[in-house]
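Notes for the one structure printed next.
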Amino acid sequence: MKKIAIFGSRHKSEQGASIKALILKLEEAGTPLYIERKFLSFLKQDLDFHPAICGVIDTLPEHIDYVICMGGDGTFLRTAHQIGVSQIPVLGVNTGRLGFLTDVDCHEASELITRLLDGDFTIETRSLLEVTEDNGSSPSYALNEAAILKRETGSMIRVNACLNDDYLAAYDADGLVVATPSGSTAYSLSGNGPIIMPACRNFVLTPIAPHSLNMRPLVVPDDTVIRLEVDSRSRNYLLVLDGRTRTLPCDTSILLKRAPHTLRMIRLRPHSFAETLRRKLMWGAAVR
């Protein structure tokens, strides 16, 4: 029997019935369940639901076969961070607003979950960024993007970028986003970056509020090694990986490249990125 870990976040009360229906369907099938501690607390306290589980988890155990993420894109990114290098397949169940990364909506999840239990699904792989600081720390990974941002609101920073040791440019801006195809519909898009199909092997460098009008987003092959160095009036800058923020001194440079592993996303039905653009982003819709 396949073991399943469930990660999630607090949801609106009207979604409670759908959440319970999904977990009960897994219980009825005899599926060994491991539920994230914070999410289990929500189920018990807010929904008065006490599922039969094999264990309470804070991090993802190695023996898990599948992961189910119940939430929006933020919860999905947090779950992807938990999966790390293990490449355990993850199913995203959307209980948030946009849910661009999630596969199924909450109200239909209990009907489709049988396909997961029967092995009737496909796997879609997504590329990841590997981010290394030159201070000798271990690599970190991001599904969507790595963003270098200024720490002080009143001044810009300068981000010097090199591609495969070839100097590219100095970005005088509020920051610089390096996004994967998955992240091209996230922070990068708000900076007028292009949308990149998930199967494309590219990264996009998107400046945030650049001082120069000719500093446009740039698409590069994902076998490119990107080196970023920061110059700022402040002694520090922010490095943000899929919403996880840390402060670094300006003398710390960043190396970005394609990670050697991928994120494996479970698709319970035929998936069309074009349909996702139309449905989630109102692509081509005549909105008046």
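Glycine is treated like the rest: Cβ placed from N, Cα and C.
Long-range neighbours of Asp73 (active site, proton acceptor) (same chain, six or more residues apart, CB within less than 8 Å of its CB): Gly96, Leu98, Gly99, Phe100, Leu101, Thr102, Ala186. According to its DSSP assignment, Asp73 (active site, proton acceptor) is helical. Taken from Swiss-Prot, the feature active site, proton acceptor covers Asp73.
In the three-state DSSP assignment, the secondary structure recorded for Leu189 (NAD(+) binding site) is helix. For Leu189 (NAD(+) binding site), the same-chain residues that are 6 or more apart in sequence and have a Cβ closer than 8 Å to its Cβ are Ile195. The NAD(+) binding site annotation in Swiss-Prot covers Asp73, Gly74, Arg78, Asn144, Glu145, Asp174, Thr185, Ala186, Tyr187, Ser188, Leu189, Ser190, Ala209, and the record cites sequence analysis as its basis.
Under the three-state DSSP scheme, Glu145 (NAD(+) binding site) falls in the strand class.
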